[in-house]
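Quick look at what TrEMBL lists:
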{"type": "DOMAIN", "residues": "63-220", "note": "domain 'Alpha/beta hydrolase fold-3'"}
{"type": "ACT_SITE", "residues": "S145", "note": "active site"}
{"type": "DOMAIN", "residues": "275-335", "note": "domain 'Alpha/beta hydrolase fold-3'"}
{"type": "ACT_SITE", "residues": "D302", "note": "active site"}
{"type": "ACT_SITE", "residues": "H332", "note": "active site"}
Amino acid sequence: CHLIHYLRLSHHLIVLNYLICTFDKLKSVSSEDINITDAVFDSVEVRVFEPPARGDERLKRSVVYIHGGGWALASARTSLYNNLCRIMAESLNAVVVSVEYRLVPEVCFPEQFHDALRATKHFLQPDVLAEYSVDPSRIAISGDSAGGNLAAAVCQQLSKDEHLTVRPKLQALIYPVLQAFDFNTPSYQQNMNMPVLPRYVMINYWIDYFNGNYDLAHSLLINNHTALDVGQALSFRGRLNWTSLLPSSFKKNYKPVIQTTGKAEIIEEIPALLDVRAVPLLAENETLQLQPKTYILTCENDVLRDDGVMYAKRLENAGVEVTLDHFHDCFHGCMIFTIWPTDFSAGIQTRNSYIRWLDENL
């Protein structure tokens with residue numbers, strides 16, 4: 001991919017996503033028990049999973065699901081996410097709406113956020129919910145990784161929309177990416193070279209999402225963009241102080257990396273680094289107080305572990321009921337790997353725990 005990018009044959013993410021979809025083994029759109037259809041919600045493509053009616057049941061629960069992939073990869077239509085959403089629909093007897101938001105490099109921030117928000121708001125309209133026989137009081141918004149980022153950002157935006165008559169009852173975030181303020185949290189230091197999602201890969205995903213320059217990667221890695229002399233970052237520093245937000249079992253012996261002098265021009269070039277629509281962990285307390293009951297799944301072997309743990313703590317401090325579901329032996333992305341030949345026990349374990357929580361709370 002790096003060679004392709006260097007030779008300017010195509011954007012490396014386009015090629016990588018093409019390869020992912022080409023080797024994907026999805027053979028059938030529908031399943032015996034679940035009706036799977038593609039639709040368009042306010043110009044955004046979605047895939048809808050509908051279980052059959054049961055007896056005299058009138059209304060069903062529902063989950064709006066936003067897939068991961070660094071805002072650049074995967075699809076609601078790939079077998080991994082198709083399988084996850086089908087199993088959710090079957091296990092919960094719920095209507096699942098999987099959002100097919102546009103990807104980098106076709107679009108960059110904030111378009112992915114806008115796609116997810118538009119599709120969700122369209123679905124939350126009373127007449128649309130009635131069309132799918134969904135109970136307006138039993139809707140969750142969920143997503144994994146970059147999809148967890150979008151789910152959290154959309155949930156925050158919905159909570160501040162005074163015109164909405166229907167709001168999510170729950171949010172469920174799976175190893176979400178929630179901040180680009182500090183790339184030296186204990187989990188970033190501990191797992192910097194961990195396969196699946198090394199630190200430098202996550203930084204590059206952020207740069208691609210913001211349509212930034214790869215030359216900034218090293219400065220971001222050492223937190224030059226949030227140094228003490230970068231005035232734009234000062235007001236956010238207290239909202240992401242991992243020394244106070246993380247339990248000692250996660251902090252271990254790691255030390256904060258705080259630069260005295262840095263590069264304010266990075267924030268000037270990429271102001272989205274401090275935009276709460278992209279970095280939900282930096283939201284103000286008044287917004288966090290409005291969030292619904294929350295589930296956050298984290299994995300020990302994941303650079304993003306502390307993003308989820310810190311968000312759980314901030315939500316808890318704001319008075320929100322939070323379940324932090326931490327898996328000591330699991331890795332980033334594991335929950336979608338439940339299909340042969342990548343049917344890992346970590347995937348089954350995390351998926352079952354996630355669906356169990358939704359079943360008990362939705």
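Yeah, the Cβs are placed from backbone N, Cα and C, and that goes for glycine too.
Shown in sequence order, Y175, S187, N191, M194, L197, C330, F331, H332 are the residues of the chain, 6+ apart in sequence, with a C-beta less than 8 angstroms from the C-beta of D302 (active site). By a simple count of nearby Cβ atoms, those within 10 Å, the most crowded of the active-site residues S145, H332 is S145.
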